[in-house]
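The block underneath contains the structure these notes are about, expressed in structure tokens.
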Amino acid sequence: MDHHLDPNLDNLFEMYGESVEECATQVANGTLLTLLQMLVLVWMFFLVWRLSLPPRIQTFLHIAMTTLTVAWFSPKKLESVMIFHTFSLISLFCAVQKLNGYRILGLNIMLLIALQNICSRANADDYFLTLRGVLMMHIMRLSTASFAIVDSNVRSISFDQLTLYLEYIYFPPFIIFGPYVTFDQFVKMREKKWTRFEEQLGVFVQGSVLIFIGITLAIISSCYVDFFEPGSQFVEDALTAMSFRCSHYFICLSTQAFAMFLGSKIVVANPVNIEFSRSTLQTVSEWNRPFHTYLHENIFKRRFFQSTALNVLLTFAVSALLHARDYQMWLTLLALGFIAYSETVFRKRIADRFSMCVAAKPCSVRANRRICKHKHASFSKRVLIINLFFMILSMYHLVFTGMTFTDDYAAIGYPFSHTWTIWGTHYYSSFIVSFAFLALSKII
């Protein structure tokens, strides 16, 4: 769960003007200007791929434009470029030496935390937060390339292979906002052949609609939520959480449009599936699908432990550490992992014990038909009621985990006590429910 993917995002989402209309106008102008700058890069490299330039020139162009992009969007341009390339050089050197991909990932996380400590000592916490999202995405790409190089089982990497990895790592349109794409997805996107004008026009229209919806959600996050007068503390907490989610949706929909313009069909996030999710497990997986794919493929599926619970905990721990030393993000992600795990275990137990289609994930679909062997299928009244209960509970968990992202410490980072204090106003209810689910799963 992170929306700090743009160095200027916090500035974009500041409330402007004295009225909702003034605020909406200025936020729309600010977000549109930033997106237009990124769209220039998108269309530039869309054309570069069509020119079929020599590999050396194309790789040089990727690296040069990435350097300029990092400098353009960063407050301290020279320092940011040096830091960005330091991560790259260390990781690529280790990858070429066939160092284990997990060691490279761990090394990058340690470098990220070390950088945060240096910035903290220099009273530059705000600068680190502007750069953190860029570096987090960069680390994910570097570690993905490292895994691919190590798994290739070749003694030495050819120049053509190396240039392709470098193009993947240094792809300017995805440097600031993202999204994360796997190496295979990048290759498919790069090699896509556009055969019809109607196809390109359809993609342009769909992407434009996504950007329009994203900007609308950014306006809701920055203006309408702040101007609304809550009638109770719970409503205020719900609005705070909704503001956080709307800013996240703005990023996700915008980056999905970028990828779509370049020929990729990846889905970054579907707000409807998050707001009305079947379970907390679905909320977690739908929150940022590419990020979930990265963690699922590179951490969870490797099964470092025999226990599923420990593998879930490790996955969320790595997710938290990718945000550096951010206590609020650590607590939020680990809390989501615990909540999702306990609910999944409990619902599986109910589904097995009473033969009801109420598991955290719905039964599988084959040939457009749902394969359900439960006595009480998904449209049974009792099943509908139980699934509705868990959907409402997932909505509450979104409020519980999102209400801590207030504006108080957004620019410098949240202290450890902040999260616990706000959760305490709800009597740690999500945790109590989760512990109850674990206990009941043993009793039933």
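Just so it is clear, glycine is given a Cβ too, placed from its N, Cα and C backbone atoms.
Checking the ranges 81-101, 354-374 against Swiss-Prot, the transmembrane segment annotation falls on 81-101. Where the transmembrane segment (383-403) meets the stretches 29-49, 249-269, 304-324, 420-440, the count of C-beta pairs under 8 angstroms peaks at 420-440. Same-chain neighbours of the transmembrane segment (128-150): 2, 4-8, 10, 70, 73-75, 80, 83-84, 87-88, 91-92, 94-96, 98-101, 104-105, 108-109, 112, 115-116, 119-120, 157, 165, 168-169, 174-176, 178, 180, 182-183, 291, 294, 298, 322-324, 411-413, counting only residues six or more beyond its ends whose CB sits under 8 Å from a CB of the stretch. A contact links the transmembrane segment (249-269) to the transmembrane segment (201-221), because at least 3 Cβ pairs that are 6 or more residues apart lie under 8 A. In the shown protein chains, 22 other C-beta atoms lie within 10 A of the C-beta of His323 (active site).
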